[in-house]
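What follows is a single structure, written as structure tokens, with notes after it.
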Amino acid sequence: MPSESTPLIQQVPVAEHRERYPHRSLRRYCTIALTTVPLLTLLIILFCIAIGGDSDLFGEHESSRLDFGTKEVVGRTVPHAAWPESDGLSYKALKKILSETPNPDKAREWSKYYTAGPHLCGKNLSQAEWTRDKWLDFGVPQADIVSYEMYLNYPVDHRLALLDGDDVVFEATLEEDILDEDPTSGLPDRVPVFHGYSASGNVTAQYVFCNYGTYHDFEDLEKAGIDLKGKIALVKYGHVFRGLKVKRASEMGMIGVVMYGDPGDDGEMTEENGHKPYPDGPARNPSSVQRGSVEYLGIAVGDPTTIGYPSKPGVPRQPLEGKVPDIPSLPISYAEALPLLKALNGHGPNASAFNEYWQGGGLGYKGVQYSIGPTPPETRLHLMNEQDYVITPAWNVIGIINGSVSDEVVVLGNHRDAWIAGGAGDPNSGSAALNEVVRAFGIAVEKGWKPLRTIVFASWDGEEYGLLGSTEWVEEYLPWLSEATVAYVNVDGGARGPHFTASAAPLLNKAILEITGEVQSPNQTVKGQTVRDTWDGYISTMGSGSDFTAFQDFAGIPSIDLGFGAGPNDPVYHYHSNYDSFSWMDKFGDPGFEYHATMAKILALLTAKLADEPLVQFNATDYAVGLDKYLQSVKEKAKSSDMAALSKSTFHPLEKAIEQFQHFAKDFDASAIALSELASTQMSPPSLAQLYQGIRVANTKYKLLERQFLYAGGLDGRNWFKHVVFAPGRWTGYAGATYPGLVESIEDKNQTNVDRWVEIVEGTIKKATDLLIPG
Ligand SMILES: *[C@@H]1O[C@H](CO)[C@@H](O)[C@H](O)[C@H]1NC(C)=O
Ligand SMILES: *[C@@H]1O[C@H](CO)[C@@H](O)[C@H](O)[C@H]1NC(C)=O
Ligand SMILES: *[C@@H]1O[C@H](CO)[C@@H](O)[C@H](O)[C@H]1NC(C)=O
Ligand SMILES: *[C@@H]1O[C@H](CO)[C@@H](O)[C@H](O)[C@H]1NC(C)=O
Ligand SMILES: *[C@@H]1O[C@H](CO)[C@@H](O)[C@H](O)[C@H]1NC(C)=O
Ligand SMILES: *[C@@H]1O[C@H](CO)[C@@H](O)[C@H](O)[C@H]1NC(C)=O
Ligand SMILES: *[C@@H]1O[C@H](CO)[C@@H](O)[C@H](O)[C@H]1NC(C)=O
């Protein structure tokens, strides 16, 4: 067990409160500049003003005057060479190392290591130590284990049986088949099927098929007059985070939940379509079970007993109520759901008689009618779930390469813990890729390179239970992270199929679109195709479901989450099942491990771009475009709601604020690019120093821009979430909601609250605008 202190991180200085926008010193530079080279000086003055230096000379809001001077340089890339503090290697030489080092065979080796044995949160210290030692070996100057004391559960016992009166007609094994072809499926210490944070309980009751268990599904059941009280819910996985299914079932008066993954959600790769199941083919193995957390992710994340502060030894623990389920739940395979579904046949209405969301179950060919139930009184389920709740240490690994600019930091993270011994896709395809990234940066460091900004690598523990490791770490280092962090880059399932996916804060869209254009696709239909060429460029908004959540939604740090996933025609990914194993990955998921290596290259180059380009590679205009687009969808929502009272002018203040923001964002981006372009072409050191001072001001503003969208009061009923633009949906958990405060007030038909949220959001947009306004 590692020491409870965190020596490494405590060495990182938490900058004292200081003037964030050094107008005064910038003004001094501009003044000095006036007395030197006349033409250059004039340009410098103009740019200093545009970026937010001294506006006295021209009065307020004069940045538009710069347009004539900046248009022609906007869009060109910024050469790296001239930054005075960059060290050791040219940016070009660095990029060469980062794109040539990641290696599929190495990634395969790391994958094999991580997936050799169980690594449930808090259960495998040796993997944390191994990771730390590897990173040090690779040449990262500092790496250490940072531990927390997590409240969580481990499985003790369970039972699921179908009863006819007092007779047991079906006893579920609650086991996945042991496969000769897949050694970790048969480990004696393999992890049982269970739900993280599920309630212990022992119930016997009739049951009801509740579709995906979404909020709307339960509304539909209520409308159809189905009696849910005192019953057990049988639900399919999918559409919303599993914990929210349990939450809603409990609110409907149900007393237990059984979940299974229906092959109707497996795309084309089904047995019904003639595909053999794993291990003989790409279809889902019928005995596979999806484990997972049932924490109420839409409400809060992290250790549920320490919401808002880190789980250090001895801290006060909060009550669990409202954050985790109060009724038991169990995950099962579709093979074991079959007898339960069939016992419902002919009882209650058919799902097919409901709306479109209820169509498409994939077990019709096995004789399932998808009748909703409830089952007759004598047909009952016995559901027993026994969990041991403990407070146990969990271990993040944190590696640091100090940069020249101490208060600008880029964090790259992946979680290490898995629900099963495997986890070859989730998360250890990301872990294998991360190791290749670290190895590549280590080579650069050994060649004498020092980044401009500090780079932090993180291997989180406890993501699976509820983003525990990352959330507690962000809560502990919040002052330093808010002060210094430029961006957070996340990879979870880095390679589970061939399709590139990204979700990001809009500030980062530009960087990922550019970087994917520099990395070769592992699957080229035309020679030379990059990942960008084989990707549609769609970037989704940030929701939750991985370790970026605390960074983005709590700390206001622009974040991005990357992966290669499976499409409907790819081998079925056995999410949170024993078959998310090395054997599956080696044969079906990424044979050859080329996607692992490609992910490593993308992550390495993206991190370098964010950490080592003189100008922070953000685009504020993209944020403004996003804000406008999200507002359109709120207006659509308002229109389709029956809130007659919502007048046309309700959203007018927001439209105006966004327009203003967009105006200044455009000027700011253009000026920042022009400034760095100028810096890259000026060779005279005194002028350069002045230009860099201007770039530094621009970088500080880019760094702090996302923070302006935090609202200290938090979202209604879940005030840990501070971001007013992005949050997980209240009833989705994974999927991102935009302007959640507004949308939820509309859903609640509360005009007063709509007006309140218009004002709150408007306030944040104005703060963001003020940050970008020169002077
Ligand atoms: C990195 O910077 C911190 C803070 O300045 C310092 O305490 C630490 O020793 C540095 N690490 C290395 C390896 O230089
Ligand atoms: C920890 O992980 C390693 C590597 O995957 C594995 O070999 C070992 O069995 C695990 N240890 C425990 C205690 O589960
Ligand atoms: C669960 O309840 C049943 C009766 O409904 C009882 O026979 C059994 O012993 C209970 N099991 C546990 C572990 O409490
Ligand atoms: C449900 O569908 C089956 C055929 O799939 C049909 O035989 C049955 O009558 C339907 N039940 C109801 C209540 O419509
Ligand atoms: C490669 O791309 C082709 C064409 O898009 C596709 O049919 C094939 O399945 C892909 N193979 C892999 C391994 O991604
Ligand atoms: C920034 O984003 C805007 C809006 O998407 C776009 O028009 C502009 O070209 C971008 N600028 C750069 C330098 O990428
Ligand atoms: C509507 O929202 C306001 C806060 O803006 C709150 O005080 C009030 O209780 C809400 N009304 C209802 C019916 O929930």
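Indices start at 1 and increase along the chain as displayed.
Yeah, the Cβs are placed from backbone N, Cα and C, and that goes for glycine too.
For reference, TrEMBL has these:
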- 29-53: transmembrane segment (TRANSMEM)
- 204-283: domain 'PA' (DOMAIN)
- 265-289: region 'Disordered' (REGION)
- 396-585: domain 'Peptidase M28' (DOMAIN)
- 650-772: domain 'Transferrin receptor-like dimerisation' (DOMAIN)
**OP:** Go ahead and report the DSSP secondary structure tallies for the domain 'Transferrin receptor-like dimerisation' (650-772): helix first, then strand, then coil.
**Re:** 87 helix, 10 strand, 26 coil
Original post:
Which numbers of helix, strand and coil residues does DSSP report for the domain 'PA' (204-283)?
Top reply: 22 helix, 17 strand, 41 coil
Original post:
For the domain 'Transferrin receptor-like dimerisation' (650-772), what's the model's average pLDDT?
Top reply: 92
